[in-house]
Amino acid sequence: MAMLNDTIYALSSGAPPSGVSVIRVSGTLTRDILFQLVGSVPAARTASYRTIRTRYDQPVDSGLVLFFPGPNSFTGEDAAELQIHGSKAVLAALFRELGDIPGVRMAMEGEFSRRAFENGKLDLVEVEGLADLIGAETEMQRRLAVEQSAGGVSAIYDSWAERLTRARALIEAELDFPDEDDVPGSVSDMVWADMARLRHDIALHLEAASAGEIIRDGFKVVIAGAPNAGKSSLMNALAKREVAIVTDIAGTTRDVLHVDLDIDGYLVKLYDTAGLREAEDRVEIEGVRRARVALRDADLVLLLVDMSNPIIPADLEQALPHVTVGTKKDLIETASDRYDLQISTTTGEGLPELRDLIGRVVKERYGGQSLAIPSRQRHKDSLAKCLAALDAAISQGSANLELRTEQLRLAAEYLGRITGRVDVEQLLDVIFSEFCIGK
């Protein structure tokens, strides 16, 4: 990122108007800025009530000013926060003053966090956890983000990297000093036994990645069935608002509709699909095609069957995993045991039980485990490459020790790419672009 030596500023709180706005400043000119705006530098990490003035001594506003000397700040640089009234006019006036100071500019997306990374205050996993915490909408997303941003996952990767480094050091010592008494005997046996245990630990960790992805990106539930089975009515009932158009005309839904739900702290992505049948209308044919794609990608299928006219499309007879839901219970007199659950969107009967069932399915598959798990595809990719390098090192028992040691070096490098301990310059712009300006 260019201009890392500039001093930067940005609004780090919500958009105005608001009761209070927080302006964040970071860089070598922070002290000079405070002298110009409030007349002096407040005591470190102490809130001081000050009047903020222009260079012409005109008051802009009054508020709390805090100074954080580097390296003991979020960014590792001298930094400050100005807590002022959240008026658009007040912010515009303050930004004019800041923008007119040479060497001071508005921050770019994620630049405060980028500087924290560059100055060793955060690693990449912690940065991503912070971004996820800011964007968290469910309780499980919050918990996962806290685990990542607090360094719990990074500590695991660092400990694994240390084991790889020690293994390489012991092997190289044996290669360089084969006759020295202070090199432990049978070092190869010790190293490869530990590497086998490490491989097992990483494999188990990688298996948990699906839980991290579900918590972060959502558990996909697809509502499917024949036309007029009540799919759109169920989506509207679970969303508690009108997401889909509901009519008595078969084939009303032509596209895949989507709504996010919070069920027991998990993000559940609910999809309403076109009724599955042999369609002739070109638009409906495309809708049915998209419905089949959604079914293929689903974590759970709710197979809806109109109990007053039970039809199960052939596409859905073998759909797994699925829950068979009988609909329009208010229109039948005799209950049937062929359904996992029976509901009526008209009366609301069975809807709480359906929400509970979805929650149980998610928790049975992904709950009850540590949240120190991979949460992003790039984590999975690097862990898989690390595992492959370890496999190569362990399995090539007859190979030259130097070649096997090189595989251990590659395994450590892939781990380092997750946290940013090794060169990941090409990743940084992508990662930090996820932040808003003031973070």
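Placement of Cβ uses the backbone N, Cα and C atoms for every residue, glycine included.
Here is what Swiss-Prot records for this protein:
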{"type": "BINDING", "residues": "ARG24, GLU81, LYS121, LYS439", "note": "(6S)-5-formyl-5,6,7,8-tetrahydrofolate binding site"}
{"type": "DOMAIN", "residues": "218-363", "note": "domain 'TrmE-type G'"}
{"type": "BINDING", "residues": "228-233, 247-253, 272-275", "note": "GTP binding site"}
{"type": "BINDING", "residues": "ASN228, THR247, ILE249, THR252", "note": "K(+) binding site"}
{"type": "BINDING", "residues": "SER232, THR253", "note": "Mg(2+) binding site"}
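What Swiss-Prot annotates, mapped onto the structure for a quick look.
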residue : record                                              : Cβ within 10 Å
ARG24   : (6S)-5-formyl-5,6,7,8-tetrahydrofolate binding site : 22
GLU81   : (6S)-5-formyl-5,6,7,8-tetrahydrofolate binding site : 20
LYS121  : (6S)-5-formyl-5,6,7,8-tetrahydrofolate binding site : 19
ASN228  : GTP binding site                                    : 22
LYS231  : GTP binding site                                    : 29
SER232  : Mg(2+) binding site                                 : 23
ALA274  : GTP binding site                                    : 27
**Prompt:** So what's the mean pLDDT when you look at the domain 'TrmE-type G' (218-363)?
**Reply:** 82
**Item:** Cα distance (Å, whole number) from ALA274 (GTP binding site) to SER232 (Mg(2+) binding site)
**Value:** 9
**Request:** Measuring Cα to Cα, tell me the gap between GLU81 ((6S)-5-formyl-5,6,7,8-tetrahydrofolate binding site) and LYS231 (GTP binding site) in whole angstrom.
**Result:** 51
